[in-house]
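Engineer: This structure is in structure tokens; I'll ask about it shortly.
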Ligand code: DON
């Protein structure tokens with residue numbers, strides 16, 4: 001009972017906080033069966049809904065939303081970033097598209113280290129050298145080629161209109177742009193004045209992006225070649241020469257997204273369909289769910305001492321595996337069968353104790369060979385990021401998480417092209433054991449190699465129940481993405497709450513290193529926190545973790561949205 005009181009209090013406090021900020025998430029109220037989109041920005045949701053209403057399917061809406069977000073949500077929406085799509089057709093066929101960035105051909109293992117072997121501050125995070133070869137435009141083109149119903153040009157056009165006519169900044173966006181001003185000046189040539197204006201940006205300020213409109217027009221008319229070849233490619237390469245960037249015309253031309261087999265696992269009778277490597281998201285999520293499955297989380301209660309212990313201890317062990325074993329499967333052999341073997345996952349929790357925390361220093365990656373029960377899966381099997389979820393009239397579902405990595409990526413605008421470049425190279429392990437921007441460590445599996453994809457945490461996920469669509473979800477949040485998706489699934493399946501309640505609930509996160517349990521204020525009852533501290537857990541409060549955009553299909557077949565009030569996220573249905 002007590003835990004439910006704190007669950008509800010947590011939600012009320014977040015709502016109250018959001019109201020004080022004037023940023024209440026925009027949810028739909030009403031019963032929708034014909035389709036739904038949930039995205040990080042109301043303008044992008046409008047675009048997606050209009051596509052669904054004119055007969056487009058979920059992939060059509062996804063393509064239109066991806067381009068619209070590049071205009072109205074430039075801190076994460078992108079054409080020069082990358083991402084992952086998980087797809088489930090109404091008939092239950094699934095696929096996963098990897099449009100993750102790649103290291104340029106000139107990249108090398110120690111490119112972010114000085115001659116003494118030390119990491120050069122910020123080199124992998126901001127500026128031209130932090131940029132990987134972008135994947136988003138090719139990804140959208142591939143997704144459309146395979147599943148699209150409406151013509152490509154009709155899907156790109158709404159973004160062109162938004163760029164030409166301008167869109168209104170939300171208060172949050174105006175503040176963000178003002179905060180980034182110094183970096184925009186620092187990392188761009190003086191002639192490059194995108195998003196710079198005299199005086200401060202304000203809520204309601206109109207942003208027109210004519211260069212971006214021109215780039216999008218080329219993409220509309222020439223498809224992927226409008227970006228990876230010709231004028232836009234030339235502009236990217238020219239921009240590279242302003243800084244010390246290494247993305248070449250050949251890198252751009254050679255880029256291709258990859259269809260992969262989604263990872264599918266079972267949790268308490270639900271099928272969890274998620275992204276395989278080079279994202280760590282799917283592996284880690286399935287590991288987490290299997291490791292906590294033997295515990296009755298519903299009975300333990302929401303964010304009680306015991307449920308937090310079980311979940312945090314699983315997280316600690318999973319992130320240790322992530323650091324050692326995961327990377328681009330086209331470059332590094334990943335033994336998925338072993339990592340996901342139930343006996344292995346059971347063994348990982350064998351030293352878990354209710355009495356005290358397992359210090360992270362005592363946790364290492366698991367020993368895999370003992371649990372090999374089949375051939376190891378070999379290579380080549382077939383805050384700022386953003387996630388959107390879509391269900392169309394037929395019941396096809398799309399989950400896409402896409403990113404420039406950091407907020408506004410490398411902060412470098414392609415002059416004349418009107419768009420930002422990613423700083424995804426920081427997701428590689430730039431030096432073994434040295435934490436990246438999200439505190440994640442890694443080694444050989446995720447070392448830099450030319451043409452390799454950097455390991456991601458993005459976890460676009462679709463959940464199926466009794467052969468039918470059940471939930472579509474995902475979130476930004478760097479290393480917290482995996483644990484946030486994990487908690488949302490547990491909130492819905494174990495704690496049996498509706499989608500918005502699951503999204504509103506306070507979040508808790510551990511990632512092995514540092515040995516810290518991060519929590520959102522009101523995510524944990526203070527008595528629970530103190531009691532866990534006595535058991536050896538180290539807590540640190542954090543600002544909002546993640547911005548989940550999700551859809552739940554109810555047993556009456558209505559689409560129930562969860563649009564995260566931590567952002568300007570918005571759900572629209574019909
Ligand atoms: O791929 C990844 O895991 C990161 N580049 C995601 C970055 C992110 O979520 C930033 N958002 N807050």
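Count begins at 1; order follows the chain as displayed.
A Cβ is built for glycine as well, from the same backbone N, Cα and C atoms used for every other residue.
All annotation found in TrEMBL is predicted automatically rather than curated by experts.
Pasting the feature list from TrEMBL:
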SIGNAL    1-18  signal peptide
BINDING   100, 403, 404, 405, 427, 456, 457, 478  L-glutamate binding site
ACT_SITE  385  active site, nucleophile
Engineer: Cβ within 8 Å of the L-glutamate site's Cβ centroid: which residues qualify beyond 100, 403, 404, 405, 427, 456, 457, 478?
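Structural biologist: Apart from the listed residues, the neighbours are 82, 385, 424, 454, 458.
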Engineer: Fill in the CA-CA distance, residue 404 (L-glutamate binding site) to the residue listed as 'active site, nucleophile', as an integer in Å.
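Structural biologist: Computed Cα spacing between residue 404 (L-glutamate binding site) and the residue listed as 'active site, nucleophile' is 7 Å.
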Engineer: Could you state the CA-to-CA distance between residue 405 (L-glutamate binding site) and residue 385 (active site, nucleophile) to the nearest Å?
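Structural biologist: Residue 405 (L-glutamate binding site) to residue 385 (active site, nucleophile), Cα-Cα distance: 6 Å.
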Engineer: Using the alpha carbons only, what distance in Å do you get between residue 427 (L-glutamate binding site) and the residue listed as 'active site, nucleophile' once rounded?
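Structural biologist: Residue 427 (L-glutamate binding site) to the residue listed as 'active site, nucleophile', Cα-Cα distance: 13 Å.
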Engineer: Please give the maximum pairwise Cα distance, in Å and rounded to a whole number, for the L-glutamate-binding set 100, 403, 404, 405, 427, 456, 457, 478.
Structural biologist: 15
Engineer: Through the lens of DSSP with three states only, how would you label residue 456 (L-glutamate binding site)?
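Structural biologist: The residue in question, residue 456 (L-glutamate binding site), is strand (DSSP, three-state).
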Engineer: Would you mind sorting out which of 100, 403, 478 (the binding-site residues) have a C-alpha within 10 A of the one on residue 385 (active site, nucleophile)?
Structural biologist: 403, 478
Engineer: Can you list which of these binding-site residues (403, 404, 405, 456, 478) have a Cβ closer than 6 Å to ligand 1?
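Structural biologist: Close enough to ligand 1 are 403, 405, 456, 478.
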Engineer: Below 8 Å Cβ to Cβ and six or more residues apart, same chain only. Which residues does that give for residue 403 (L-glutamate binding site)?
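Structural biologist: Result: 76, 78, 81, 82, 83, 384, 385, 386, 422, 424, 458, 476.
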Engineer: Need the DSSP three-state call for residue 403 (L-glutamate binding site) to compare against my parser.
Structural biologist: strand
